[in-house]
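TrEMBL annotations:
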TRANSMEM  6-21  transmembrane segment
TRANSMEM  33-52  transmembrane segment
TRANSMEM  103-126  transmembrane segment
TRANSMEM  146-165  transmembrane segment
TRANSMEM  177-201  transmembrane segment
COILED    224-251  coiled coil
TRANSMEM  378-396  transmembrane segment
TRANSMEM  425-446  transmembrane segment
TRANSMEM  523-542  transmembrane segment
REGION    576-688  region 'Disordered'
COMPBIAS  582-617  compositional bias 'Basic and acidic residues'
COMPBIAS  618-634  compositional bias 'Polar residues'
COMPBIAS  635-644  compositional bias 'Basic and acidic residues'
Amino acid sequence: MSGAALGFEIVFVFFLALFLLHRYGDFKKQHRLVIIATLLAWYLCILIVFILPLDVSTTIYNRCKLAVNSSPTESNGSYVTLAPSKQKCFKPWSYIPDGIMPIFWRVVYWTSQFLTWILLPFMQSYARSGGFSITGKIKTALIENAIYYGTYLLIFGAFLIYVAVNPNFNLQWNQLQTIGIAAANTWGLFLLVLLLGYGLVEIPRSHWNGAKRGYLLMKTYFKAAKLMTEKADAEENLEDIMEEVRKVSESIKYNHPLRKCVDTILKKCPTEYQERMGRNMDDYEDFDERQNSYPSEKSLAKLHKQVIYSVQRHRRTQVQWQILLEQAFYLEDVAKNESSATRQFVHTFHSQEPENKIIQYFYTPTVEWYWECLLRPWFYRVLAVVLATFSVIVVWSECTFFSTKPVLSLFAVFIQLAEKTYNYIYIEMACFLTIFFLSICVYSTVFRIRVFNYYYLASHHQTDAYSLLFSGMLFCRLTPPLCLNFLGLTHMDATISHKNTQPTAYTSIMGSMRVLSFIADGFYIYYPMLVVILCIATYFSLGTRCLNLLGFQQFMGDSEMTSDLIDEGKELIRREKRKRQRQEEGESRRREWKERYGNREDSTRSRAVHTDQKESSFSETNANRPLSKYTRSNGRTERDRIELLQDAEPLDFNADSVNDDPLESDSGRYQPGGRYLSMSRSKIFDDV
């Protein structure tokens, strides 16, 4: 089993990251480099979370070996004896051989740092650029990131000059590397505590509120009102941008040098706008550079950028509106079915997507009623209590993990108890659950954050490239300090435990923080205590109340604005529900009519075809009949009769189609050849 667990987790985490990225990104429409860069960033961050428990169990086994092999005199030297000298150490099932983990952590860490500080910011600017060529996009990205990169180079250069001039400092390359890592982790820890304080309270509270049907339905109505406003704003913005595109397309003709840029912009527009602009465009007129003023390539690049943003926003709001409607309809169905005497779940509307047959076989209406109306609320309450307990343990450990005598951190107590019995399964499970819960609290906050319309992770493939890359940057910056914080909570970090024991492979890559004592002994220990203040602020919804005062509508039960938006959202949902009901009723009537009169229509059509064939054969027979029997005396009379027949207008008479007013008759359509064709019976009920 040596190394098998590591290989399995590497493969499993890759497919997990691919699944999450497929849920938020769009593999078909977004650029491949954006997908690959985001996938790599997400994959490395999730991989660190899954591999770190294996590093902890391997480190505990290596400490045991050193303690057993060391003599009593050596136990007071470089290593501390953690077990009696004759005690046997048991190798964990997931043991990783020496030399693999340091190389693994070095590759993973520096790759993630290269992504978050260099590659992903550049790709963000590249993705948002409106340039029409690769060179133009790269130039724009370099200009936008000049200040970003220049600031870091200026700070680093000033620090190097200070170190070179000051004779008291004699820093080597390893120490400079440690200082850079410490600076990156400090920035990440500052943001980590903010996100963690929000997630520790909001995740248990959201699950507790998930058991309240009325609460979820009211919040859905509130979201519907806000989303309708955003949807209308997106449609209006798209109309304005398309109007500018139309003017540019009409002014720049087919033989203008910038016509290729205009064609590139038109390809990014929705299909209906492309067809409309194509009909109104006259490409037969040559452009005259003297008479007309044409936009520059820079202004076209700006317009291209606006088109990409407005189309993406419009598509996202449309998809989110449909998803929100389905959610509101389902919650209303749950509220209605709670008082059902048959205990079978009845849906108002059938699902638009085909359901899996296996799910239909096991998840019957009776099972669905018991789960949705009876079991699910209690399950969410129990889960909320468990998560709240975890949150309390985390807050307590964050405030007391610096205490080593006595050990007050509960996570450190659990790990040390398992370390005495060398129960590696328990150690790995405890470590995994701890770091997994911390990751959920932090990463879920990243997924919930919305910075206006610039950063927003929307599910169902509606996240733009800029937001995907920005999320990858945040994950790569938050994961290393998150892992260091976890090792501090469990006292596996020598900087916290103050023991001269063998460190984990992860902390050995980070280097000794003793180079910067004010960070190691000050910031890393006391700053996480601020999580208590942030948890209290989140519990009383201070941030929500501040945003509400600033004009950003937030869901608050005691607000008059919230009540108005709930009523507005309820009316919008009711209107959409009536529209959906009318559509389904029309489809059912059309289906019923087709089933009832479909065979009769088919027989009528076949009879009409048979009659036409008889008439055509009769006319051919008359045309081929010899004319030798006609004499010269009556030839002129026959020609006059033929001319009269040609001037007459044949009419296919239908008694059912007679109308007193011919102008209002819908029985036929006038054809250029002077013929009225009677409407068949099937077309009368096409709109029913």
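Placed from the backbone N, Cα and C atoms, the Cβ positions cover glycine too.
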Stretch-level contact, the transmembrane segment (177-201) and the transmembrane segment (33-52), CB cutoff 8 A, at least 3 pairs:
no
Which value does the mean pLDDT take for the coiled coil (224-251) in this predicted structure?
92
Checking distant contacts: for the transmembrane segment (378-396), what same-chain residues at least six beyond its ends satisfy Cβ-Cβ under 8 A?
196, 200-201, 203-205, 207-208, 210-211, 408-411, 437-438, 441, 489, 531-532, 535
